[in-house]
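K.L.:
Quick one: this structure, given as structure tokens, is what I'll be asking you about.
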Amino acid sequence: MANGVIPPPGGASPLPQVRVPLEEPPLSPDVEEEDDDLGKTLAVSRFGDLISKPPAWDPEKPSRSYSERDFEFHRHTSHHTHHPLSARLPPPHKLRRLPPTSARHTRRKRKKEKTSAPPSEETPPIQEEGGAGVEEEEEEEEEEEGESEAEPVEPPPSGTPQKAKFSIGSDEDDSPGLPGRAAVTKPLPSVGPQTDKSPQHSSSSPSPRAQASRLAGEKSRPWSPSASYDLRERLCPGSALGNSGGPEQQVPTDEAEAQMLGSADLDDMKSHRLEDNPGVRRHLVKKPSRTQGGRGSPSGLAPILRRKKKKKKLDRRPHEVFVELNELMLDRSQEPHWRETARWIKFEEDVEEETERWGKPHVASLSFRSLLELRRTIAHGAALLDLEQTTLPGIAHLVVETMIVSDQIRPEDRASVLRTLLLKHSHPNDDKDSGFFPRNPSSSSMNSVLGNHHPTPSHGPDGAVPTMADDLGEPAPLWPHDPDAKEKPLHMPGGDGHRGKSLKLLEKIPEDAEATVVLVGCVPFLEQPAAAFVRLNEAVLLESVLEVPVPVCFLFVMLGPSHTSTDYHELGRSIATLMSDKLFHEAAYQADDRQDLLSAISEFLDGSIVIPPSEVEGRDLLRSVAAFQRELLRKRREREQTKVEMTTRGGYTAPGKELSLELGGSEATPEDDPLLRTGSVFGGLVRDVRRRYPHYPSDLRDALHSQCVAAVLFIYFAALSPAITFGGLLGEKTEGLMGVSELIVSTAVLGVLFSLLGAQPLLVVGFSGPLLVFEEAFFKFCRAQDLEYLTGRVWVGLWLVVFVLALVAAEGSFLVRYISPFTQEIFAFLISLIFIYETFYKLYKVFTEHPLLPFYPPEGALEGSLDAGLEPNGSALPPTEGPPSPRNQPNTALLSLILMLGTFFIAFFLRKFRNSRFLGGKARRIIGDFGIPISILVMVLVDYSITDTYTQKLTVPTGLSVTPPDKRSWFIPPLGSARPFPPWMMVAAAVPALLVLILIFMETQITALIVSQKARRLLKGSGFHLDLLLIGSLGGLCGLFGLPWLTAATVRSVTHVNALTVMRTAIAPGDKPQIQEVREQRVTGVLIASLVGLSIVMGAVLRRIPLAVLFGIFLYMGVTSLSGIQLSQRLLLILMPAKHHPEQPYVTKVKTWRMHLFICIQLGCIALLWVVKSTAASLAFPFLLLLTVPLRHCLLPRLFQDRELQALDSEDAEPNFDEDGQDEYNELHMPV
């Protein structure tokens, strides 16, 4: 190099501009003589001779003619690129002398010993890039990096040649030229003649024009080796590049190029290299040293590996997002500040201006114009990706400088824009949380802030061009009417920044979320809008900016004048909504340049809907929007799935598998299916034991939580109420042979055993309506055949055990897959109708026994009848015991009607209250879940307060005793008690055993199937074969002790699982609730069954319950179960016009008359079952119910298409865990 000038490290930055006066200073004689020699060599006449005398033409070689257009095309191609000659020099930090240390001194001494001959004093050695000197410097830098940065560089003694260095600030000392580069420059003419000449200098003399340019640059700038060079002087706005008019000319300051190139080449270079591209990352590529070893050389790889270790890997993994929109507003004292107006976790929440409270979450609706303006803003604004800043002032400083360079704002607006970005932030919750000490963070004046981030270099008296920091001066007023703008409270880090944070909001934000801050507003000092999109290199916590302490990764700034047509609020909502979109914010994390962001906006527009500007009255007009949006989302998911398939096609992952896992699906293998047949005897049972019993220790540990205690209390009342209700009704059906005490004991014993040994201990074992119907039918059959009812139940139980063992051995539980909602709806509808019918039938019997008469018998006769029909405890005796019950009692029928309807309406109202808007969600759930016990307690108190009216009470024995102690005991003899049991009935008992097995199989397996849904996230698995074996085997034992058969109660089991479900708290407002975990354990089931068993000691309290209250509970169970069946909903559509039909798949995808045909088939099956149940063959109704399964799979496919059957008979109901959602009765198709 001729001058030894070292370019700055940012090689991609624009070259600095040097104002060269037209007047050239006089040159020395030596310089003129050297320029004459070079001018003769490169004279224009010499090139003219070469052009005028072309070489001899060879006809054998192909040739073509070149025109002026070809030369012009060559100048503008990529091959016509001029690299500065000074780019071959090492970086400036490699040329700085480090302070001497003992280790470095030892290495240098060792190196001098290996050198053969020292360099000459007259000719300094040339330091070649990649040579030994550079390698030594690299090693020293790698080992003593921190030491060299911390210790100041001591200047060498005067008189020794030094390396030229660049200075970032203006406080560096002047340094002489660079040794070893022949960089001994000529001083100015006023200094004196040149005294030192080197051979290298004489061999490469510059031209007079370049020499004049160099000398002029030394006058006008601190460019000469005797002055420090400031990199900030090279930074200039793009508008200054086109300033070619005037008496001065702009040329590059690279002296090597100025000496070697002509004016035409310099003009061409300016068009390519003197322009600035804001927001584009320039990566410095260092050429490897020629003296380094090869790839296999450890010495050559060691520095590279050390360098790679020091570089921190960027985390471009997409995180959950939290977006906050802040707008520039004026407070009551007319001072500007940033005010939070909206936020996004998934949906938009706006701050209501009048009440200063948050509105309901909703889907953000954007204008199409704002999206187009946002796209144009990002295309022409500043884009700073991977910005390495950790404070808001540092970020704001770089944003403002980038805006100036990209010609968005003027340099004189720097202070105002920076002051605007650093204003304080306020949030709607600040006033609520601040209390007596409101938050008012302030900082020092603007001068100190700008002084920290804009150090002003000291310029000499040589008239150098000032840098950007010189343009700040005194801060101008931010607002024209506010003269005290310098004292505005600014945002500064530190202090109690998040004192007003909302802990409730923080719980709804995911733990790994990163925030996006959107700042928009109008300012009076700008002439055009200015915008910047910033992505930080690493998410940082900016104090007092956000409402909650969430690290910030993205910032979007948009400032502009108010007289433009830009709606800054809508533009801020647009970028905030884009950042809350899943696909766009993933693209923002992985974007490498501006074009990636624009492509993501286009992808967002492809999935958006434009609503025409027409008045919309009513929600019915917007029904098609939701369907169209679902179709667009489906296509969008298909495109994403296609991308996943393309990326995983060459790997081991199946296509679409990763997408399903991301969407929340589970990777289920065929071995995990509990209903999969193994082909071996008891193979399914063995798999259930191996799957579930290893979790037995955790089933005990997981119960150590307060939520399990609350679930025990709640499910206890939920299980006790049906036990009392069905016990009282069972005593009525069996004439007192089995009643409340037997059902309570059976529920307790079987519940404890099943909870300890079952594969799914969350199932609640209890009595159900179908079993009550079967018990009534079997009792009538035994009375008709003059058989002992309890002895017949013993043989039915023994055959039940045999059939259950055979079914489990054959792995017959897989048959539950064939029981579709078609059969479940028929089953549930039939049982609900039976409940409702039995309730009003019992009420009719009460009105028959106690009619409303105009005259009643005398009071003495009434008391005598009462004394004859009542026991000392006031309970009514069974019809078969003693004298008949009292009849013709006044007001008994009316009071029974009031008690029944009162119980029904209280329980039904509390159930509706659970899904209302009053109180909080937890309070409503507690009141709704205890609706049945509350209604029973209220009506019992009403009956207890009315002392002069007779009502029939519940029959409960004293202590642990059977209901009729004089008729039976706790053990039932299999051969008969009063008379021998006929042998033919011992064999014929297999038929009712098979029928009761159908009921137990359907209820138990369907309940287990509902509980084991993937949406409920049970992790320990289930066992259909083991559960069926336990319930069937324990049912056989119940027959020996005269206890009722039990099954898995659907509603109580689902309620038990819901009570043990833990919901995620980090759910965006308005989003669907999600399950975090379910506390799967065995202790709650054991405690619930034990408490139900201990309730037998409350005989005195239970004997106060009127039977009319139990009839009200019976009516409640029938009505609520009927309301949740889809068949009843479709049945109402027959009486409804087609225009009022709901938007359901069975309405939109099936013709109306074919839907009614499907309903008629189901109603025909229900009518047939009702007829069978009402005749002497009522015992066979489970068999007819089972026939609906082949009817669905064999006959209906001939009448309906698969598409129609999928819409009419599909199990698409998912559990609803919303506090304001539906309860268990509306989710299930099973009877109570």
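The backbone N, Cα and C atoms fix where each Cβ goes, glycine too.
Straight from Swiss-Prot, here's the annotation block:
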COMPBIAS  1-11  compositional bias 'Pro residues'
MOD_RES   SER167  phosphoserine
MOD_RES   SER170  phosphoserine
MOD_RES   SER175  phosphoserine
MOD_RES   SER198  phosphoserine
TOPO_DOM  1-708  topological domain 'Cytoplasmic'
TOPO_DOM  911-925  topological domain 'Cytoplasmic'
TRANSMEM  709-731  transmembrane segment
TRANSMEM  737-774  transmembrane segment
TRANSMEM  794-816  transmembrane segment
TRANSMEM  826-847  transmembrane segment
TRANSMEM  893-910  transmembrane segment
TRANSMEM  926-946  transmembrane segment
TRANSMEM  980-1002  transmembrane segment
TRANSMEM  1028-1049  transmembrane segment
TRANSMEM  1083-1128  transmembrane segment
TRANSMEM  1155-1191  transmembrane segment
K.L.:
Counting Cβ pairs under 8 Å that sit 6 or more residues apart, are there three or more between the transmembrane segment (1155-1191) and the transmembrane segment (709-731)?
P.N.:
no
K.L.:
Tell me whether the transmembrane segment (893-910) sits in contact with the transmembrane segment (1083-1128), defined here as at least 3 Cβ pairs under 8 Å among residues 6 or more apart in sequence.
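P.N.:
In this chain the transmembrane segment (893-910) contacts the transmembrane segment (1083-1128) - 3 or more Cβ pairs sit under 8 Å.
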K.L.:
Under 8 Å, at least three CB pairs between the transmembrane segment (1028-1049) and the transmembrane segment (794-816) (pairs 6 or more apart)?
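P.N.:
In this chain the transmembrane segment (1028-1049) contacts the transmembrane segment (794-816) - 3 or more Cβ pairs sit under 8 Å.
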K.L.:
So if I exclude everything within five residues of the ends of the transmembrane segment (737-774), which remaining residues of that chain have a CB under 8 angstroms from its CBs? That is, six or more out.
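P.N.:
Distal contacts: 688-689, 691-692, 699, 715, 719, 722-724, 726-731, 789-790, 827, 831, 834-835, 954-957, 960-964, 967-968, 995-996, 999, 1003-1004, 1007-1008, 1011-1012, 1018, 1021-1024, 1026-1027, 1030-1031, 1034, 1038, 1042-1050, 1052-1053, 1055-1057, 1060, 1078, 1080-1082, 1085-1086, 1088-1090, 1092-1096, 1102, 1117, 1173, 1178-1179, 1181-1182, 1231-1232.
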K.L.:
Find the member of 709-731, 980-1002, 1083-1128 that has more C-beta pairs under 8 Å to the transmembrane segment (926-946) than any other listed stretch.
P.N.:
1083-1128
K.L.:
In the same chain, which residue numbers or ranges, 6 or more beyond the ends of the transmembrane segment (709-731), come under 8 angstroms Cβ to Cβ?
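P.N.:
Answer is 738-744, 747, 751, 764, 766-769, 772, 775, 838, 878, 929-930, 932-933, 936, 954-955, 963, 1044, 1049, 1052, 1055-1056, 1059-1060, 1084, 1087-1089, 1091-1092, 1095, 1102, 1105, 1107, 1110, 1113-1114, 1117, 1232.
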K.L.:
Applying the under-8 angstroms CB criterion, which one of 826-847, 980-1002, 1083-1128 scores highest with the transmembrane segment (794-816)?
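P.N.:
Comparing 826-847, 980-1002, 1083-1128 against the transmembrane segment (794-816), the winner is 980-1002.
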K.L.:
Per DSSP, what is the residue count of the topological domain 'Cytoplasmic' (911-925) in each of helix, strand and coil?
P.N.:
9 helix, 0 strand, 6 coil
K.L.:
So what's the average pLDDT for the topological domain 'Cytoplasmic' (1-708)?
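P.N.:
So the average pLDDT across the topological domain 'Cytoplasmic' (1-708) works out to 63.
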K.L.:
Mind checking which residues of the chain, 6+ beyond the ends of the transmembrane segment (826-847), have their Cβ under 8 Å from one of its Cβ atoms?
P.N.:
729, 732, 769-770, 773, 892-893, 896-897, 900, 952, 1002, 1107-1108, 1111-1112, 1114-1115, 1117-1119, 1121-1122, 1125, 1127-1128, 1162, 1165-1166, 1169-1170, 1173, 1185, 1188, 1228-1232
